[in-house]
Amino acid sequence: MATEIFYDADADLGIIQGRKVAVIGYGSQGHAHALSLRDSGADVRIGLPEGSKSRAKAEEEGLRVLTPAEASAEADLIMILAPDTKQRQIYADDIAPNLKSGDALFFGHGFNIRYGLIKPPSDVDVAMVAPKGPGHLVRRQFVDGKGVPCLIAVEQDASGNAQALALSYAAGIGGARAGVIKTTFTEETETDLFGEQAVLCGGASALVQTGFEVLVEAGYQPEIAYFEVLHELKLIVDLMWEGGIAGQRYSISDTAEYGDLTRGPRVIDAHVKESMRKILAEVQDGTFAKEWVAEDEAGRPNFNKLQDQGNAHQIEEVGKKLRSLMSWTQRP
């Protein structure tokens, strides 16, 4: 099936301009969505708890700030951009009691819908708009007259117009300037979780730590090991990001490329691929979601233990020392 990609010419910005939008949350994505929608002519309000530290920031940026319940009652399109683990409670306490027939419930990630943690009534639209970039980039690109590609999906089309509404919303945050790709809640959620677990976060972190351990255990200086398996990773990832794997290989030495082509498959071998398939299966059948929800509800004991173990790894101490020598790695 051919991928469907939409652009500004395919979107009707007037649709989102005619809605009352509530953005629940004002973190990385929340601020980018709210400010860009406002600048696109939409009627936007923010939903935050009374004690939220983000309330002052949102008000300083000229946005109306209400409680999540008040914002939901006032709006006819509610975008939930709170953390995954908090969405179910926010929905039950503040949104569900204020949902009206014909409203639209939007998400920036499909987790809670895909795994049935939130079950909207049948008379509301349920859709997703997910920019493929962090909030600060979404906002900066919008202000510069550009955009970050977005995914859109429709889970429930009560109005018969949910896709057009999602596309209009995506255009309102600049996504249609770059391209809006149609997907499903299932595809977005499962590929996102798999990517995080097997490659981007879990896979990369474990690969780097294990490579560091192999070098140090073989008698090499930890500082040298850090440079070779962690620090220089950014150089390679940047090359991949700019030109794909082929572009990265074109830019490195022949020696490095030969080692890549002949040794890489020995590290990421058939056994690793089978482990990846098992991880994907746990995402698909809900095993991971059930485990994570139970872990969160129990106070995150295993999460905290594993986090502490990771923070205590030798690579963290070595890295902190070496990064202090490199001013360009320091965040302002």
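Placement of Cβ uses the backbone N, Cα and C atoms for every residue, glycine included.
Feature list (source: Swiss-Prot):
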{"type": "ACT_SITE", "residues": "H109", "note": "active site"}
{"type": "DOMAIN", "residues": "184-329", "note": "domain 'KARI C-terminal knotted'"}
{"type": "BINDING", "residues": "D192, E196", "note": "Mg(2+) 1 binding site"}
{"type": "BINDING", "residues": "S253", "note": "substrate binding site"}
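Here the features listed in Swiss-Prot are placed on the structure.
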residue	record	Cβ within 10 Å
H109	active site	21
D192	Mg(2+) 1 binding site	18
E196	Mg(2+) 1 binding site	13
S253	substrate binding site	8
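DSSP gives D192 (Mg(2+) 1 binding site) a helix state. The recorded positions recorded for this entry are H109, D192, E196, and the Cα of E196 lies nearest to that of S253 (substrate binding site). A distance of 13 Å separates the Cα atom of H109 (active site) from that of E196 (Mg(2+) 1 binding site). Break the domain 'KARI C-terminal knotted' (184-329) down by DSSP state and the numbers are 125 helix, 0 strand, 21 coil. Mean predicted confidence for the domain 'KARI C-terminal knotted' (184-329): the pLDDT average there is 97.
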